[in-house]
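According to TrEMBL, the features are:
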BINDING   ASN14, ASN71, GLY81, ASN82, ASN152, ASN185, GLU203, ARG204, GLY213, THR214  substrate binding site
ACT_SITE  CYS80  active site
ACT_SITE  CYS80  active site, proton donor
ACT_SITE  CYS212  active site, proton acceptor
Amino acid sequence: MGGIEFLKGHGTQNDFVLLPDAAGRLELTEARIAALCDRHRGLGADGVLRIVRAAALEIASEGEWFMDYRNADGSIAEMCGNGVRVFARYLVDSGLAAEGEFVVATRAGDRPVVVHPDRSVTVGMGPATITGTSVTVVAGRPFSGVAVDVGNPHLVSVLDDTDVADLDLRDQPDFDHDVFPNGVNLEFVNRLGEGALRMRVHERGVGETRACGTGTVAAVAAAFHLAGTDTGASTVDIPGGRVEVTVSRGASTLSGPAEIVARGEIDDAWWAAAGS
Ligand SMILES: N[C@H](CCC[C@H](N)C(=O)O)C(=O)O
């Protein structure tokens, strides 16, 4: 039996289907990605990471491998922080990169990574830029958010009078589509004390996820901005676990675990039918 190789992995329970495709030959239609990510009809995931040689797509990069990230609805996003951790772990586990420091190419640009001996990963996430303040989002009631660009768009609401656990995020919170014409990832944050946040997230193109790497960087940048600073470190507790984030002027890092759970083959006939 033929079949398309896949792996399943996650970073703090933000889970992905990985598709080794060095030459970039797989036809990743939106319908096929959505079917793959469907938790009943397909493999189930928050997103897909295609592993393709940067040169095969003529992408200029310091890195040999390009992370072609897709959201569960099939849409393309510029960057996925938890995805880069899992991607980097896969490269080291499969012998395509050496443990330690190397660069991963992404749509948001090159991202330096360090794969540590315990297989946790630190990612250089680039700048987390505050692009707006007092931007309204409605999740049951209106909240005021800080817009942050981490390569992809985020709107972070830091809540002092509401426990994020009490929010109903089953539906897409409402936001101004004129401010975010390409959609936006929505984070809701409580401060737990010095250098510690708790967060929930409703991701663009996915829905509520158990973690969002770019979202945790946006959350720390927004919380620091509201506190009148732009440099520091914080842990962020998300439903899927805990990550460590640092932000400074023009740079940020994300550190956390990355797991490869399974590997196998997608049935050729299923793949053909899912693509239409
Ligand atoms: N849904 C996001 C992309 C995935 C981000 C998240 N999974 C991460 O770990 O950064 C977007 O449309 O911008």
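Glycine too: its Cβ is placed from the backbone N, Cα and C atoms.
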Just to confirm: which same-chain residues, 6+ apart in sequence, have a Cβ under 8 Å from the Cβ of ASN14 (substrate binding site)?
ASP46, GLY47, ASN82, GLY83, THR209, ARG210, ALA211, CYS212, GLY213, GLY240
Would you count the other C-beta atoms found within 10 angstroms of the C-beta of CYS212 (active site, proton acceptor) for me?
35
DSSP, reduced to three states, assigns ASN14 (substrate binding site) to strand
Using the alpha carbons only, what distance in Å do you get between ASN152 (substrate binding site) and CYS80 (active site) once rounded?
8
Could you find out if DSSP has GLY213 (substrate binding site) as helix, strand or coil?
helix
Length of the line joining the Cα atoms of the residue listed as 'active site' and GLU203 (substrate binding site), in Å
11
Mapped DSSP class for GLU203 (substrate binding site), helix or strand or coil:
strand
Can you tell which of CYS80, GLU203 has the most other C-beta atoms within 10 Å, given these are the recorded positions?
CYS80
What's the number of neighbouring CB atoms sitting within 10 A of the CB on GLY213 (substrate binding site)?
27
